[in-house]
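Asks: Here it is: the structure, laid out below.
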């Protein structure tokens, strides 16, 4: 049995299995003779590097010793015994301890009966001391060793990553090379096929050339043979002639074809081949001539195509130049079109402005026409209204005639007929006087102004109700020429306003002069009438009544007022019909002119007060004035 089995059985069967010396025996250095100089171990190359490397080498040698001891084969065992752990022979092999091991190893291993466990353990200890006199010391692993190992592992990982990358790149390169190799193989196969095809063609051509050369040689040989045959026939003919001279005439002649057939048995086959080859040669020559003609035609066609291509290129160059010129013209036309479009837009804007102006002018013309028609209506109304003062004038004349009667009769009538007999006479007379004064004192121009304002409001409503004309119908005529410089609407309106203002100022001045003349004529009469009104009001307030008034004086004042009013109406009629009245002028000017402020006098104030007091509402409230 091997020492390995003995060690295992000793470790398991012996009583000292728990002894540390038995499991891990401490080997003491064996004292023995000094080794020979030849047997000294050579220094290991790793001993000079440091203590760490020394310890590593020792652990490696210890593990090597264990592996050699526990090994299964006998070869490492014998090598270990005779060479030692470091190469030379062990130091304890010459002593008496291990002297009998090599003679009877079975007695020490445990094959002999009666060997106990302690003896086996002692044997193992002695064997270990003899074989490993200097066992390597055990070393503890430190953090530095761990860091070094981790650093080495990281380096290994990096190396592996780089190797993997290199392998991937190599795989890619290999795939690319494989593809290229496949392509090259396909190209090689196609090249080989082409080579075979070319070889076949070359062989065929060689055969044809050989046949052609053979046919030429055969022709030469046949010519030579024909010449020789002709010479021989001539010779034979001469011989026959000689023989005929020698022989009788009836002797048969020998057949020459039999002799030639006997001499050349393959002549017919060769002649047939020669004919076939000649026919093929003629056919090939015809094909060659035909191919030459075709090549010439192709050359001519190529030349024609080249000429046509050159002509087409020239035409393309010319067309490109024409195209460039047309593009330039097109760009120019585009610019002109844009300019014309801008001008068209400007003209359209001008047309729109002109249309708006024409619309405004049409509206103004319509308004002027309406104003003119209204002025004509007002003129006719004024004429109708002027006929009324004539009637009033006639009434005034009748009143004057009545007033021209002698006063004595009146007084006599007054004295003869007492006032108490006519109780309602003073009241009716006072009422008639008040109504007549109201009619004559009130200015008729007030009613004209009210009528004109009403007409204007109606005209404005009609203009608002009428729809504006469409913008499409407002087209300028064909012969319409736009002015070079248009006058703005603001300036045009300002000019019109200045003109109307000047006309209105002149009209106002004329109207003011007429009104002053009329008031100069009317003022004394108004003063008298107001005086009479004051007297009447005073008498009514005192309770005396209007019976104490002088009727002659009242009627005379009334006739004077009617005469003044008729004169005023005659002055208005004297104005020519074509010249518009101040009211019409104000209407045509686009508005009502401001009237000149009258100078406020005491008489005018009294007239205004009388108008206010004698208004219809006051009349309704007061009732008949004679009721007081």
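Heads up, the Cβ atoms here are built off N, Cα and C, so glycines get one too.
The shown structure was predicted, so the numbers you read here are calculated from the model rather than taken from an experiment.
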Asks: With Swiss-Prot as the source, identify the stretch among 81-121, 122-162, 327-367 annotated coiled coil.
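Replies: It is 327-367 that Swiss-Prot describes as coiled coil.
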Asks: Would you mind giving the whole-number mean pLDDT across the region 'Sufficient for self-association and interaction with HD' (276-444)?
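Replies: Per the prediction, mean pLDDT sits at 78 for the region 'Sufficient for self-association and interaction with HD' (276-444).
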Asks: Counting by DSSP secondary structure, give me helix, strand and coil numbers for the compositional bias 'Acidic residues' (214-235).
Replies: 22 helix, 0 strand, 0 coil
